[in-house]
Each structure stands twice: as C-alpha cells, then as structure tokens.
Amino acid sequence: MLSIADTLFQSRLLTGSGKFASPTLMRDAIGASGSQLVTLALKRIEQGQTPDRTLSELRQLNVQLLPNTSGAKTAQDAVLAAKIGRDLLGTHWVKLEIHPDPRYLLPDPIETLKAAEELVQLGFVVLPYCSADPTLCLRLQEVGCHAVMPLGSPIGSNQGLQTRDFLRIIIEQCTVPVIVDAGIGAPSHAAEAFELGADAVLVNTAIACASDPIAMARAFRLTCDAAMLAREGRISSPALQARATSPLTSFLER
Amino acid sequence: MQILINQRPIHCTSHDTLDSVLNVFAQGSGVDINDIAVAADNTVIPRSQWATYALTANASFSVFVAVAGG
C-alpha cells in the first residue's frame, strides 16, 4: 500500500483531471483507473464562463481530492493558492507546483523549496512537483514534505522517463514516497518508473488525450498493479552472457 | 456603495454581508456557493467569517472555483 502522511492508498496511480473531452468522461476514466488521489486546479471565476463540473463529477467517486497550485509563479502565489484550496475543498493536502515558464512548464526549484517550507509550517501535507534533482528532493524532504514528485520529462510531453538516471538516485536517497510526475505518456513508462523503485506515478495527459481514455485508464491501472506484483516477485538481474534454460546434455550424440 | 468581485462592480448596501453578496454572485455565475473560496488582499477569507465580514466601499474580492487540472 502507498502511505503518504499516514494515509494509506491501495492504488499507486495518481491521476489528474485536466484535458478530458468532458467532465463525465473524466469521471468515468478516473473511475476506471482505480486512482484514489486526484488532482484539480483552482481558478478565478471569469465572467460568462461556463461553470466547470469537474468538482461535482469527482465527488461522485470515492477519491481524495488533491488541489494543485498551478498558475503560481512565486512561493507567495503558491501559499495563497494552497490556502484557497484548503478553504474550498476542506483539505490540507496540496500538490505544490510553481512553474513560471509557460513553454516547458519546468518547476522553479527555489520558489518551490521556499513555498514547501512555509506550507509545512502552516500544517499542510505538501507534495511538491519538482525537477529530478536529487539534492532538491532531499531538501524538500528535510523541510517536511510528505512526498516528492520529480518529473520524468516536461508536463504533457509524453516523452517518458528522460530523467531516469536521476530518478534512480532520488529513489535511492529519499525516505518519503517518490511519485514520478509529468511526462509519463504510456503504460510502459509507468512500469519503468516502478522498476526503478518509484512508489507511485501521476498520469494525466496520457489518459485524457488517448483516443479511448477509459481503456487507457484501465491499461495504466493494470500496468501499475502488474509492476508492483513484479516487484514482489523480484525481477532477476540482467547478465551479459546467456544462462541456459534447458539442460545442455548432448543427447543426440552417441 | 460599490465593491468589486473578480473585477466586476457590484452594488450593495451597508446591510449586505459578504455572505449575501457572494450568494448572489455565485448564483449569477452558475456555481454552488459551497464550491467557492474567497480572498481579499491576497488573504483567504474563511467561509466561517463570511456572515460577519464587514463590507467597505471599493473593497476588492477574488472568488475561486476548482477546475480540471493535473
């Protein structure tokens, strides 16, 4: 079971609610994924904007909501967003994300660390989206974050685990759960994250933008379950030379 | 007097509370009053304070909702 801040989750697949063609499709896909921790964003109400049904649809599922701080460009913005999320959703959990650069959406490590420290002191359970920087992840852990969420590749890019060598170090060093976030574009990428030793993955675009999001959600669910079973079974280490699987007796020779 | 909610001018009287003004605003925006959060001057005004929060002329509030996001 995945344990974050003393809360247990059977599913190791976190999902995002963005980019789905409709709120009902989002609900059905997330339901099919088996995810128990689901992110959503916060937004100022715009005049003439059609009301967003994400929240009412998600409330029909038995999932824990995880508001993010997307849109925040500084630590100060992020702290305010976290407080808004707490008041709106009644949760002190927050996915901290500060990415001022709209092109690559790469997280600002300095503002993220600053915000994380303040939010932890305010009593939040902080799950920071961060670059795959082992030193930063240790610092985030030190200030009291309950997990770290290093990126595999840029958000929504479907490039998979471009940061795999650094993820490996992060997984080796961190004692809090490591949730690989961003860039996971296929179930095989999620499997790779678990084979590296990740505790969980967060998937959004790969499910939401699939031709059949419900089928893809199931595929991720099964992959995550299979990868964890494989971990229990212990994957054999690779070898350079062949290791015979059949007896090498020369039975045809007389 | 006039206040601003998400940059939109709203007319109200001294008898109005933040609670009542937000109710009208939420209805007009098609959202449930229970599904919003409010901030003023970069500070969240907790739901528990809406009924007693004193409105002053030209006060500016930001109202937020949850939306889809990753």
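The backbone N, Cα and C atoms fix where each Cβ goes, glycine too.
The active site, schiff-base intermediate with DXP annotation in TrEMBL covers A:K95. Around the Cβ of A:K95 (active site, schiff-base intermediate with DXP), the same chain contributes A:T39, A:L66, A:P67, A:N68, A:T69, A:L127, A:P128, A:Y129, A:M149, each under 8 angstroms and 6 or more positions distant in sequence. In the three-state DSSP scheme, A:K95 (active site, schiff-base intermediate with DXP) is classed as strand.
Here TrEMBL flags A:G156, A:A182, A:G183, A:N204, A:T205 as 1-deoxy-D-xylulose 5-phosphate binding site. The Cβ of A:A182 (1-deoxy-D-xylulose 5-phosphate binding site) lies under 8 Å from the Cβ of A:L105, A:Y129, A:L151, A:G152, A:S153, A:P154, A:I155, A:G156, A:S157, A:L202, each on the same chain and at least six residues away in sequence.
The annotation domain 'Thiazole synthase ThiG' is assigned in TrEMBL to A:4-247.
Put simply, the two farthest-apart Cα atoms among A:G156, A:A182, A:G183, A:N204, A:T205, the recorded binders of 1-deoxy-D-xylulose 5-phosphate, are 9 Å from each other. Taking each Cβ in turn and tallying the other Cβ atoms within 10 Å, the top scorer among the binding-site residues A:G156, A:G183 is A:G183.
The sparsest Cβ neighbourhood within 10 Å, among the listed binding-site residues (A:N204, A:T205), is found at A:T205.
The secondary structure of A:A182 (1-deoxy-D-xylulose 5-phosphate binding site), as reduced to three states from DSSP, is coil rather than helix or strand.
Taking 8 Å as the upper bound (exclusive) on CB-CB distance to chain B, the recorded positions A:K95, A:G183, A:T205 give A:T205 in sequence order.
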